[in-house]
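Beneath this line is the structure, given in structure tokens, with notes to follow.
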Amino acid sequence: MPNEVYDVTIIGGGPIGLFSAFYSGLRSMKTKIIDAEPAVGGKVRYFFPEKIIRDIGGIPAITGENLVANLKEQAETFHPTIVCNERVVDVTRLTDGTFQLITHNGSIHFSKTIVIATGSGTFEVNKLEALHVEDFPLAIHYDVKNIEQFRDKVVAVSGGGNSAIDWAQTLEPIAKQVHLIYRGEDFKAHEESVRELKNSRVKIHIHHEIHELFGTNNQLAEISVICNQTQATKTIETEALFINHGVKVDLGTMAEWGFEQADFGIVVDDEMKTTVPGIFACGDSATYPRKLRIIAAGLHEGPIAINSAKKYLEPTAADEAMISTHHESFIG
């Protein structure tokens, strides 16, 4: 029903939003997820479907695709309403305290509370800027769904963050050769990942940037890279390019919703409350002192936000849900 009112609407269907939906089910809250993308999973679904994630407790290693599938299955335990391809552009509090959410296509949703789990917002990858990029559209990759297509090929990765290093390490045992091109010197990645990279077969080109692409019939054969210290150039053989130059993020109209924001997200307290009563934030959407930006931390923040939403609606409710092993939904 279009005018149905939900106890909580979670804006964002990435890993944190999905787990928050599961936890809200434990709290018997009528739940809706609204996501701007065609499918749930957030940046993990888009950027990391075949990459291995290793920083979630109890899961030594899992692909992004499998993590999203597991979280979606878990989220659906209590049958939340999931709406995709809708970006929330306006939130208004009605006279009865209910929030009215309007999406970009004019759809209207109603909710008693809101949990923002949009990560850094909607995103657009930063594209490679180099000569003749337009001649090799099939050789330039910003996300990869099947790494087997690069088996026994020479490939190059451009970037210096965790994502670039993860891709270089993922491709290293599959590709004939992997080149990592980075315009800086000090990688912006986990120390252990950098150590493993330097001990691998990956050829590292620091202080270099991609300048020009070469090939025939739209088949990439070589790239020219330039040293930003000496301006010297060199040619690297490669059949495919992986570009990890970050993303442009857009919080859209959230800046107009009335809550306090800082450089790295929406300001929350230790209960994930924003400065607007009834609106909560978690995951990369939220910021507070000593914030840890990993999935495992967000999976902790989501339930805190849901518990706060529950207490907002029912001040006498229990502070937290019964643990799942004792929950009536999983007994008998």
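For all residues, glycine too, the Cβ spot is worked out from N, Cα and C.
As given in Swiss-Prot:
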BINDING   D35, K43, F48, V88, F123, D284, T325  FAD binding site
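Distribution of Swiss-Prot features across the structure.
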| residue | record | Cβ neighbours (10 Å) |
| --- | --- | --- |
| D35 | FAD binding site | 26 |
| K43 | FAD binding site | 19 |
| F48 | FAD binding site | 23 |
| V88 | FAD binding site | 25 |
| D284 | FAD binding site | 26 |
| T325 | FAD binding site | 7 |
